[in-house]
Amino acid sequence: MKFFALFIYRPVATILLSVAITLCGILGFRMLPVAPLPQVDFPVIMVSASLPGASPETMASSVATPLERSLGRIAGVSEMTSSSSLGSTRIILQFDFDRDINGAARDVQAAINAAQSLLPSGMPSRPTYRKANPSDAPIMILTLTSDTYSQGELYDFASTQLAPTISQIDGVGDVDVGGSSLPAVRVGLNPQALFNQGVSLDDVRTAISNANVRKPQGVLEDGTHRWQIQTNDELKTAAEYQPLIIHYNNGGAVRLGDVATVTDSVQDVRNAGMTNAKPAILLMIRKLPEANIIQTVDSIRARLPELQSTIPAAIDLQIAQDRSPTIRASLEEVEQTLIISVALVILVVFLFLRSGRATIIPAVAVPVSLIGTFAAMYLCGFSLNNLSLMALTIATGFVVDDAIVVLENIARHLEAGMKPLQAALQGTREVGFTVLSMSLSLVAVFLPLLLMGGLPGRLLREFAVTLSVAIGISLLVSLTLTPMMCGWMLKASKPREQKRLRGFGRMLVALQQGYGKSLKWVLNHTRLVGVVLLGTIALNIWLYISIPKTFFPEQDTGVLMGGIQADQSISFQAMRGKLQDFMKIIRDDPAVDNVTGFTGGSRVNSGMMFITLKPRGERSETAQQIIDRLRVKLAKEPGANLFLMAVQDIRVGGRQSNASYQYTLLSDDLAALREWEPKIRKKLATLPELADVNSDQQDNGAEMNLVYDRDTMARLGIDVQAANSLLNNAFGQRQISTIYQPMNQYKVVMEVDPRYTQDISALEKMFVINNEGKAIPLSYFAKWQPANAPLSVNHQGLSAASTISFNLPTGKSLSDASAAIDRAMTQLGVPSTVRGSFAGTAQVFQETMNSQVILIIAAIATVYIVLGILYESYVHPLTILSTLPSAGVGALLALELFNAPFSLIALIGIMLLIGIVKKNAIMMVDFALEAQRHGNLTPQEAIFQACLLRFRPIMMTTLAALFGALPLVLSGGDGSELRQPLGITIVGGLVMSQLLTLYTTPVVYLFFDRLRLRFSRKPKQTVTE
């Protein structure tokens, strides 16, 4: 009592304490960063290596494998995947959550150094690494377009000036430039002209290499002066290479222009980028794993004027895609929902108390508790995100509960004629333990969440801590500020009601009287209530097993990402046409605002597209509905598929795929993997639970297999090296020389002019100069025939891997899909040499599914322990926890009614219900025990009186929690797919719980009291210990 009196009789100190809490919260709010979700990105590092011209199999065996063996020894690597394609290898290392990305980067560099001696000597550069996840969607895409400059020149500006500057901005992890390649001088050779002049391709290569050198020439000095020697040893443009003499034939000079077309072009012509219908260079910016997306985007935007000033005015630099607007809009929606929740909760208090003066008290207590939470959030390193703001929205109903319980009890004493200060002290003393029990037991619900590991634990931690802090501050406020305000603001007389509120008061009285009559009947028919209670427990189990489940609600972020997968033998020209066709289909959709895409590089049969949808207010369909509509149109395009998926704020894993979920096949037997993967993929494609089934196994590319006749080669004076060099010179876009410029280095690229390589007959025009100087056609010593070859080779760990990706059709859940895949694998009889497992988000879903029931049981057990300690009883916690089955049934039925799968967000709702619904029982049990101890009442009389006496605060607290969650259910706009499952779960659980626990709790209380008496050593004792 002294504790309460300290604050009740010292109003100035109490007010200043509350002001201090509020000011700290305001200061913390202003410094909190903004993010879509808590920081849950896995530390990811990408290692890249190249060996131009090497086949995917060569890259996998000679480059990827040595690097994987060295990188796999690094501590904290949770997943290692690699993909090797023509001339390049990319290895993705995913680390444990607690691994520092900078320390991991140092270990990666050390591992690369250790493997260096095992790598091929012909690699043009050492392997490099980047601290970014290539499978993440870019946080921003910039485009460069121009009517004046060529694509190569635009690429040069992007890669030389813009990308390095952007990479230095805090939070930026990687800037990937696509759509073309660096400028180059391209030498397109005419095979027939070469043959006529007796010039080999090696002759051309050697002549160009020798004519373009950059070597130090030294200095000249005399007694007084010093001169640096400079020569015209470099050729920089196509016009300078054109007259270069490469050979003499019968005394006549053969110039490069006589046997080749020399142009100023780009290093790799097999690249294309577009924005809407215009050729463009794309700068795809990804953030560091630990970076804040909003802060990073804002920093980039702040530098854009400076970046624009560094490039010519004829180049248009535009933002094609920006993730931040939808994130900001989503957070604004949550903030509005929070304000509405506060207003509704205060309205509930006003209706029940029917006094403006009394309503002011919770109207002050709620903001103080919520605002003060921001200070703790800042100290914990949290952010303003959807989950933390949802925690505060839900906390509105919780924090007002404490104030309501105290206020209502004090108001009851005032209505009985007690003086205000005395009523404040007496009323607070009576319910102080009740408020403490409710708050501590509610916080106890979240202890298992705080101990939960992995991505779900990291994701829920901010929610749990934020809500717990809000409840803790609310507990302090309700026992200090609330009784002080009651003592000094409320009057001893019964408050005057407005005429419009008298009807509500009479309705409440009638409702209480009706409840009393029905409760008497229930207490006389306890067996029926027991059957109902057991039925709800069984119904909980059945509903949980049968309800569709998923990991996280599908978000509508306003951004779609698409992967193009074409026939494996498609040419680059045809692939570029497919990109244009797909972009036109998407651009014509009324819901699309902007579309960018690119294709080319080492995988000519694939491409990527990034689609920005119009804001939610300007379109009626969700992202998934738009995808469903576009899927029908895109399916009509022959020879290629475009798989669309909505970009999510949570993506697990580093392997790039064309769909949201992955199922990975592993095998140490590559032949077995290549045999079974098509069978499994075709089977999965028939399942109605899956959509957009595709695979990264690309083992059916067209190959022209040349077989050398070594005996003939020896007789003709030709070695294999010369023959291979011929093919590389002719068809490999071989970089044969370097042009040095002040800002960058450019290449001279040699190949047979594409005009002469339109079909297989181009091989017949190739020849080698033998050791006698004679031109020997390739067909003299080699035969060729078409064959199949892999376009890529994938590993996971050190095993061969193939990942099958899939999306979910509308109306299907991830649990449906995973169960269907497991059944299909069993039906196919896949051998033990091929192992299948879910990857990425689907893998985390499997792990979460296995721990959900354990987590709920742990939460219930923790609450039981806390209540047992508080009540010094084994029995009363069971009475209080008997309220949970009805809440579970209500929550699961509500999810079924709204066709919402059981997700991680719904699990949060279930955990919250464990904390919410037991409050009713706590208020009943506390007053029943008090009545038995001091009122000499029988258990039945005590619990009956407690139920009637606490009916008004029970209704107030339940309706406050319900109205606090109702805006989450009714909210629309950005981010509503995250808010609605939480609101649906809580509202459904509260409604069902309120209908049943007002009757089941008294019955359970009496049951355990009789049970206690039966086994008690003191049967005559009537007051519960």
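Just so you know, glycine gets a Cβ as well, placed from its N, Cα and C.
As recorded in Swiss-Prot:
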TRANSMEM  3-23  transmembrane segment
TRANSMEM  333-353  transmembrane segment
TRANSMEM  360-380  transmembrane segment
TRANSMEM  387-407  transmembrane segment
TRANSMEM  431-451  transmembrane segment
TRANSMEM  463-483  transmembrane segment
TRANSMEM  528-548  transmembrane segment
TRANSMEM  853-873  transmembrane segment
TRANSMEM  875-895  transmembrane segment
TRANSMEM  897-917  transmembrane segment
TRANSMEM  953-973  transmembrane segment
TRANSMEM  984-1004  transmembrane segment
Interface-richest range of 360-380, 463-483, 853-873, 897-917, 984-1004 toward the transmembrane segment (387-407), CB pairs under 8 Å: 463-483
Paired segments the transmembrane segment (875-895) and the transmembrane segment (333-353) in contact, 3+ CB pairs under 8 A: no
Contact call for the transmembrane segment (953-973) and the transmembrane segment (360-380): at least 3 Cβ pairs under 8 Å, seq gap 6+: no
Recorded stretches the transmembrane segment (984-1004) and the transmembrane segment (853-873) touching, at least 3 CB pairs under 8 Å: no
Stretch in 360-380, 431-451, 897-917 most in contact with the transmembrane segment (853-873), if contact is a CB pair under 8 A: 431-451
